[in-house]
């Protein structure tokens, strides 16, 4: 089992950095310091390894979701903490980064966000019903905002990785951004966004 | 020149979809319906083509920036319109999408956001000074928010591309998200974010 775990770890790092097409069993065996034979004993093909890495990344993600949902807090607070925890996982878990990338690059496999976005939507519905959200901050729109922020955290992380390690962590950065998203950036209040909204999004003016 | 333009267009589409490593001159020549000889006459190597595609994507981006800066509007309004215009370019211009992707995948070449993020920061400084931003919405933080939203728009676009064309446009989606970012999602006002902020970001409480 140790060999298998070491292989999954090495494969996660390779898939994360080079993507599905850029990764080969030869490359993984060399990164893990094993023979090709040892690799194919556990994982006959790259498809098997990629599937396993995606499952690993998703199960790490779902475990974090479960840990959080056991805590006592308001739904909006939980959404915020969930995105911060997801960002921490992105930062620290190669299998999570690999699962995100592989989910994008392998059509037909599960997108990473499918594992947690329905939970976020459910929490935001509850936050709305309990009056935690502004009446014009509809749960569907706030879910879209959460998707944008999480994608933004990943993009920042990928830009930063490999460069200066003294850069601000993606988690700290997301906290700053959440602060703004909660209270808004505009000094003028609700009057400004009406100009921003367009006929394409009538829900905003409701 | 027509051949050259057709080649840049075909190369943009290939680099956008398959990245730098996944693209070959053979693939581009076949996509453009030209012989390899015709391709190498204009662009001796893949490096030349990638450089040209990145330049093209950046110059399209800078032209949009110039068009916008000629208009009369407040700095905050201009930041919003700029991100919407950048998202429209991402949606419609293969050279822009390719420049974004190549800037990420080719270390040492210009990152796409370097072309416009300093302009955004300058506009936000002006927006802050003129009282358009909340006093605790510091220009550096709002710039980070803008980066996250733009990355989010790109990620959405890439997930959506190739799937159902009836999906909401990334521009319409970003408009909904900006509405929330301007006024905030929380019904409770400025009290909530204090919980969100941490010792890592003391600037928020200022």
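Cβ from N, Cα, C; glycine included.
TrEMBL entries are annotated by machine, without manual review.
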Candidate ranges B:24-43, B:44-63 [criterion: TrEMBL lists as DNA-binding region]: B:24-43
Arithmetic mean of per-residue pLDDT over the domain 'HTH tetR-type' (B:1-61): 93
Three-state composition of the domain 'HTH tetR-type' (B:1-61), taking helix and strand from DSSP: 48 helix, 0 strand, 13 coil
